[in-house]
Amino acid sequence: MTMGYSAVLLPQLWRINATDISSMNVTRLKGSLATGSDDPTITSTHEESWIAASAAIAMVPGCWISTLLMDKLGRKSAFMIINPIFALGWNILAFANEFSTLIVGRVLCGFSAGLLGATSPVYIVEITHPHLRGLLLACLSLAVALGILSSHVLGTWLHWRLTAHLCGLIPISCFIFGYFVPETPSWLLKHDRQVAALNTWQFLKGKDSPIEFANLNNNIHCNHNNEEKSWRELYLVKPFLMPLFIICVFAFTSQFSGVNVVTFYCVKMLTDIVGTDNAYLTTIILDCVRVIFSIVACWLTKRCSRRLLTNISGFSTAMTLFALSACLYGDYGQPWISIVFLFIYICTVSLGLVPLPWLLCAELFPDASTRALGSGLSAGFAFICFFGSVKTGPIALEVILPHGTFAVYGTIALLGTVFLHFCLPETKDKTLDDIRNDFTGINTDVTPKKVNRY
C-alpha cells in the first residue's frame with residue numbers, strides 16, 4: 001500500500017482548484033474529509049518526486065536494521081516491531097498539513113516497508129519445505145500487488161487522508177495476528193532453545209519428522225561454529241559474494257525496467273494518455289491485471305525453473321518496452337495502442353522480473369549464519385535502485401520524453417537479462433545444502449533430495 005499510495009495522493013494534491021501564487025498554478029484539494037484541515041501544496045516536479053521517492057529511500061536503512069533485529073531479537077520479534085511504526089507513519093500522513101509532514105509520514109512508512117522487505121523472505125525460507133518455498137516467496141509480490149490495488153481503489157473514491165487512515169488499520173491487524181505466529185526453528189536452535197524449537201517444528205511439520213529436525217539441529221550447530229570465523233572467512237568468500245552480486249544485478253534490472261515508475265505515477269501518466277475521466281478506471285484495471293499475473297507467477301514458480309521465468313519475463317519485457325517506445329515516438333494509434341502495450345508490459349514484468357529478485361534474495365543465501373546479512377544487503381540495494389528509479393522517473397519523462405524513457409528501461413531490461421541468462425544458478429526444488437554446493441563447486445545430484453531444508 002505504501003507503493004501505491006503516491007499514485008492517488010499526488011493527483012489529489014495537484015487537482016485543479018487553482019490559486020495563482022507568484023505566477024505559479026498551485027493546486028490543492030479543498031475540504032479534507034478526515035480532519036477538515038488545509039491540505040499541503042506541491043509546487044514543482046521536484047517536490048512531487050520527493051513525496052513519491054522518500055518512502056523508497058527510507059526502505060534502505062530499514063533493510064539493514066532488520067538484519068540486526070532478526071539476528072538479535074528473532075524473526076517474529078522483528079515483524080512485531082515493524083507494525084506500530086507502520087501505523088504511526090500512516091497516521092502522520094493522514095493528519096499532514098504541510099509538505100515536510102508528508103515527507104515524515106512517507107519516510108516512516110518506507111522505513112517499515114524496508115524492515116518488512118528483508119524479514120519476510122527470511123521467515124518464509126526458514127519455515128517452509130523446498131517444494132513450497134518458491135510459491136510462498138512469490139506470494140510476497142502478490143501481496144504487494146494486492147496492496148497497490150487496494151490503495152488505488154480507496155484513493156479513487158475517498159479523500160487521501162481517509163485513505164491513509166484505512167491503510168493504517170492494516171499494520172494494527174498484522175500486529176494482533178503476529179502475536180500468534182511462531183518463531184522459526186532455525187533461530188530458536190541458534191540461540192540454544194531446543195524445546196521451543198522442537199515444539200515449533202512439530203507445529204509446522206507434525207511429529208513424524210524427527211530425522212529432518214535432527215539434520216536441522218546439526219546444520220545450525222555447524223553454522224554456529226562458522227560464526228566463530230572472522231568476517232573475512234564468512235563474507236569475503238564466493239558462496240556469499242557471488243549470490244550477493246547476482247541478486248544486486250537482478251534487482252537493478254528489475255527496478256530500472258520502470259515497473260515502480262509506472263506504479264508510483266500511473267494516474268498522472270494515464271491522465272496524459274486517456275484523460276482525467278478515464279485515468280482512475282484504467283489504473284484500477286491495470287492493477288487488476290497486475291494481481292492476476294502475480295497469481296500466475298505464483299503458479300509458474302511451482303512448475304517452471306527460475307532461469308526459464310527470468311528469460312521469458314526479461315526478454316519479453318524488453319521487447320514490449322521497445323514497442324511502447326516506438327509507438328509513443330511515432331504517435332501510432334494513440335492512445336489505445338500505447339495502453340495495450342502498457343498492459344502487456346505489466347503482464348510480462350509481473351511474471352519474473354518483479355517477484356524473482358525477492359524470492360532469490362532468501363534462496364541464494366543457504367547458510368543461516370549469513371542469510372540475514374545477505375538478505376538485508378541485497379534488499380537494501382534493491383531499495384536503493386527503487387529510490388533511484390522513482391526519483392529520476394519524472395525527470396526522465398520530462399527531459400527525454402516518455403518514448404526515450406521507455407527505450408532506456410527496455411535496454412536495461414535486455415542487458416540485465418542477458419547477464420542473468422549466463423550467471424543465474426537454478427534453485428527450484430533444491431535444498432539449501434544443494435544451493436550452497438552450487439557456489440562452492442561441489443558436484444551434487446540435481447535431483448531434489450529429501451534432506452534438511454535449511
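Placed from the backbone N, Cα and C atoms, the Cβ positions cover glycine too.
Some features that TrEMBL has for this protein:
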DOMAIN    1-428  domain 'Major facilitator superfamily (MFS) profile'
TRANSMEM  50-70  transmembrane segment
TRANSMEM  77-96  transmembrane segment
TRANSMEM  102-123  transmembrane segment
TRANSMEM  135-154  transmembrane segment
TRANSMEM  160-181  transmembrane segment
TRANSMEM  240-259  transmembrane segment
TRANSMEM  279-301  transmembrane segment
TRANSMEM  308-330  transmembrane segment
TRANSMEM  336-360  transmembrane segment
TRANSMEM  372-390  transmembrane segment
TRANSMEM  406-424  transmembrane segment
Stretch winning on C-beta pairs under 8 A with the transmembrane segment (102-123) (pool: 135-154, 279-301, 308-330, 372-390) is 372-390
How about the transmembrane segment (160-181) and the transmembrane segment (135-154): do they have 3 or more C-beta pairs under 8 A, pairs 6 or more apart in sequence? yes
Between the transmembrane segment (406-424) and the stretches 77-96, 240-259, 279-301, 336-360, 372-390, the largest tally of CB pairs under 8 Å belongs to 240-259
Other same-chain positions with a Cβ less than 8 Å from the transmembrane segment (77-96) and lying at least 6 residues past its termini are 5, 34-35, 37, 40, 66, 69-70, 102, 104-113, 115-116, 119-120, 123, 161-162, 164-165, 167-168, 170-172, 174-175, 178-179, 181, 183
Exercise. Tell me, please, if the transmembrane segment (240-259) and the transmembrane segment (50-70) are in contact, taking contact as 3+ Cβ pairs under 8 Å between residues separated by 6 or more positions?
Key: no
One stretch in 135-154, 279-301, 308-330, 336-360, 372-390 has more Cβ pairs under 8 Å to the transmembrane segment (50-70) than the rest, namely 372-390
Long-range CB partners for the transmembrane segment (308-330) (under 8 A, at least six residues beyond its ends), listed in sequence order, are 250, 253, 257-258, 297, 300-301, 337-338, 341-342, 344-345, 348-349, 351-353, 356, 401-404, 406-407, 409-411, 413-414, 416-417, 420-421, 424
Averaged over the domain 'Major facilitator superfamily (MFS) profile' (1-428), the pLDDT of the predicted model comes to 83
